[in-house]
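Here is what TrEMBL says about this protein:
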DOMAIN    29-108  domain 'G-protein coupled receptors family 2 profile 1'
DOMAIN    126-382  domain 'G-protein coupled receptors family 2 profile 2'
TRANSMEM  129-151  transmembrane segment
TRANSMEM  163-182  transmembrane segment
TRANSMEM  215-233  transmembrane segment
TRANSMEM  240-266  transmembrane segment
TRANSMEM  286-311  transmembrane segment
TRANSMEM  327-346  transmembrane segment
TRANSMEM  358-381  transmembrane segment
Amino acid sequence: MGSRTADGVTHALTPEQILQQLNQSLELICKAKAKFLDFYPDDGHVYCNTSWHSNICWPMTLAGHRLSARCPAKYAGVFLDSTQNATRTCLPNGTWTRVDRSRCYFLYGHEGQKQVQDLELHSTILSCIYFTGFGLSTLTLLVALAIFLYFRSLRCLRNTIHCHLIVSFLLRNMAWLILHFLSPAAIFDDTHNDVTQWACKLATAFLNYSVGANFFWTFIEGLYLHVIIVWAYSSEKIKFYLYLFIGWGIPAIVIIVWGLVRFFISDIPCWMPLHETEMKDRLIDYIHVVPTLLVLLGNIIFLISIIWVLIAKLREHFPEASQYRKAIRATIILLPLLGVTYVLVLVPPSEDPLTDKIFKYCNAILISTQGLFVAVLYCFVNREVRAAVLRKYRAWMTRRHIQTQSERIRMQHQGNSVTSENGCGVAAPPIDTDILLP
């Protein structure tokens, strides 16, 4: 068996490619059967429809019955024991349960169990990375937002944009946690329970909106820097309501359109394409993916133009070695702030297991810790912020010192008054005003 290229040369297919083509053919046959051949019997009973899941075609089945089917040779990157059976039950309400593939894994021998254990370990490590990164990011973002909102001296257009970017990160983190803690059955199964499915669909829409808003606010950060550095215009040239429309309005419009298309054309479970989802259902996600990619492209252009102008200005005031150091430092700072680091994990690698794991780990680290970098670079190491916090701390220490000294003098005065009443004849000393000075 082989495939013919444009030059007429026939190349032999690998076993992996043969297996993939076979699964695609079986999936097509199964879905054609479900659409054109299977009709619900008019006998008053409830049936589950024909379904393709886990590389297995599950035929139309009477409610309350349990089916067994031969395990596929491979599913989701794991080789299975095709001599064993997977099971699935048709519930009384006419919906399928999740596919039970436990026998496919555990009766495959030592190698199969090792694959499952590796996948579970890999999934656990990824979850730990995400939870740690999102947890640290959320904590630092909340502190940074509180600082920007508390200090009046920090209230300006630049920091207002920072606050909206921080809020978009917090919403994204919250959406990820909500979707993560929803029941796996609601996300990955096609049971079609109305309440859980709509909760999951809304959570998916919320996640997509928060991610889109996050990218658009990084775009606004880049636009703001581009206006004041490259164009050398006043930042007031662009009205803030335009920033609000770009940052929150455009992502909302995009997600509303995406949600309507999902609902009326491809109402898949949880509105989340999975491994076995058809290509036409995956393409609908480009409605919100393409604007995000355009924003990322815009930020790359902003980054290049800003660095170009900075280098030109550095040449006028610094020697060559110092120029490059400062330019490299500015680039490193701007990369995570403008979201350009996402380019590194934009395209998944090949199906090589090791490469895939490295890609997923890098993706998890970059996504979960970007908010942390933003909080640190925009707030904690910012000179204006540090000066405002230091002034507040010194004022607090001064008030505390005054209160302590006043209380000490008051207690001393009370003690001397009591002594005088006992006949010692010692008058209370006058208050030394120099003590109250900071």
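Each residue, glycine too, has its Cβ placed from N, Cα and C.
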In the same chain, who gets a Cβ under 8 Å from the transmembrane segment (129-151) while lying at least 6 residues past its ends? 159, 162-163, 166-167, 169-170, 173, 176-177, 180, 361, 364-365, 367-372, 374-376, 378-380, 385, 388-389, 392
List, by number or range, the same-chain residues at least 6 past the transmembrane segment (240-266) whose CB is under 8 A from its CB atoms? 157, 160-161, 164, 168, 201, 205, 208-209, 212-213, 216-217, 219-220, 280-281, 284-285, 287-288, 291
List, by number or range, the same-chain residues at least 6 past the transmembrane segment (215-233) whose CB is under 8 A from its CB atoms? 157-158, 161-162, 164-165, 168, 243, 246-248, 250-251, 292, 295-296, 298-299, 302-303, 305-306, 309-310, 334, 337-339
